[in-house]
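As annotated by Swiss-Prot, Zn(2+) 1 binding site applies to C63, C68, C85, H88. What Swiss-Prot lists as Zn(2+) 2 binding site is C104, C107, H111, C123. Annotation source Swiss-Prot lists compositional bias 'Basic residues' at 1-10. Swiss-Prot lists 22-39 with the feature compositional bias 'Acidic residues'. Swiss-Prot lists 40-51 with the feature compositional bias 'Basic and acidic residues'. What Swiss-Prot lists as compositional bias 'Polar residues' is 170-181. Among the features that Swiss-Prot reports, motif 'Bipartite nuclear localization signal' is placed at 120-136. Annotation comment: Swiss-Prot describes 60-137 as zinc finger, evidence class sequence analysis.
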Amino acid sequence: MEGQRTQRRGYLKDKATVSNLVEEEMENGMDGEEEDGGDEDKRKKVMERVRGPSTDRVPSRLCQVDRCTVNLTEAKQYYRRHRVCEVHAKASAATVAGVRQRFCQQCSRFHELPEFDEAKRSCRRRLAGHNERRRKISGDSFGEGSGRRGFSGQLIQTQERNRVDRKLPMTNSSFKRPQIR
């Protein structure tokens, strides 16, 4: 979470820097260039000077796998965002930048093949985190807010209570044993 905040601050700082540069360039009159077209044209020229040509910002509409020519303009948003076609997102291996890799479903990016267990679709790192969260055992994990529902959850709750009951000594002074005569 802290990393996201830091990244966001950095992004906002960069964005503010670009805004300041644009305003500064506009105030200076583009360093003696002639004004032909108004504020909007001027702003575009300044933005191009600050950020670089707009062609650098246009994302590729093709799958990033080597020699794949699938056009992603009609693909689902997920595939466009990650620049991978549906076939290569589910493939056991693909060549990206000359290296054999597999698309990780958890990270939504390509990893080298040794980072996966056998035919798994998630890298070891993300899979380990997922399994850790699944197996986490704490007092809160069996409460109402847990993801466990139904009979098996009730059975686990009962087993946990029995374990606790067996460990508690019977030293309560208000407890009276029934006497059989």
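Just so it is clear, glycine is given a Cβ too, placed from its N, Cα and C backbone atoms.
Positions of Swiss-Prot features highlighted on the structure.
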residue	record	DSSP class
C63	Zn(2+) 1 binding site	coil
C68	Zn(2+) 1 binding site	coil
C85	Zn(2+) 1 binding site	coil
C104	Zn(2+) 2 binding site	strand
H111	Zn(2+) 2 binding site	strand
C123	Zn(2+) 2 binding site	strand
Cβ-centroid neighbours of Zn(2+) 2 site C104, C107, H111, C123, 8 Å, sequence order: R102, F103, Q105, Q106, R109, F110, E115, F116, S122, R125, R126
Overall pLDDT for the motif 'Bipartite nuclear localization signal' (120-136), taken as the rounded mean: 88
Residue with minimal Cβ packing [other Cβ atoms within 10 Å] among the binding-site residues H88, H111: H111
Cβ neighbour count within 10 Å of C123 (Zn(2+) 2 binding site): 21
Rounded inter-Cα distance in Å - C85 (Zn(2+) 1 binding site), H111 (Zn(2+) 2 binding site): 16
Environment of C63, C68, C85, H88, the listed Zn(2+) 1 site - residues of the same chain whose CB lies within 8 A of the CB centroid: L62, Q64, V65, V70, V84, E86, V87, A89, A94
Binding-site residues compared (C85, C107) - highest count of Cβ atoms within 10 Å: C85
Rounded to the nearest Å - Cα separation of C123 (Zn(2+) 2 binding site) and H88 (Zn(2+) 1 binding site): 16
Least Cβ-crowded entry, counting other Cβ within 10 Å, from the binding-site residues listed as C68, C104: C68
Cα-Cα distance linking C104 (Zn(2+) 2 binding site) and C68 (Zn(2+) 1 binding site), given in Å to the nearest integer: 18
Alpha-carbon distance [C104 (Zn(2+) 2 binding site); H88 (Zn(2+) 1 binding site)] in Å: 11
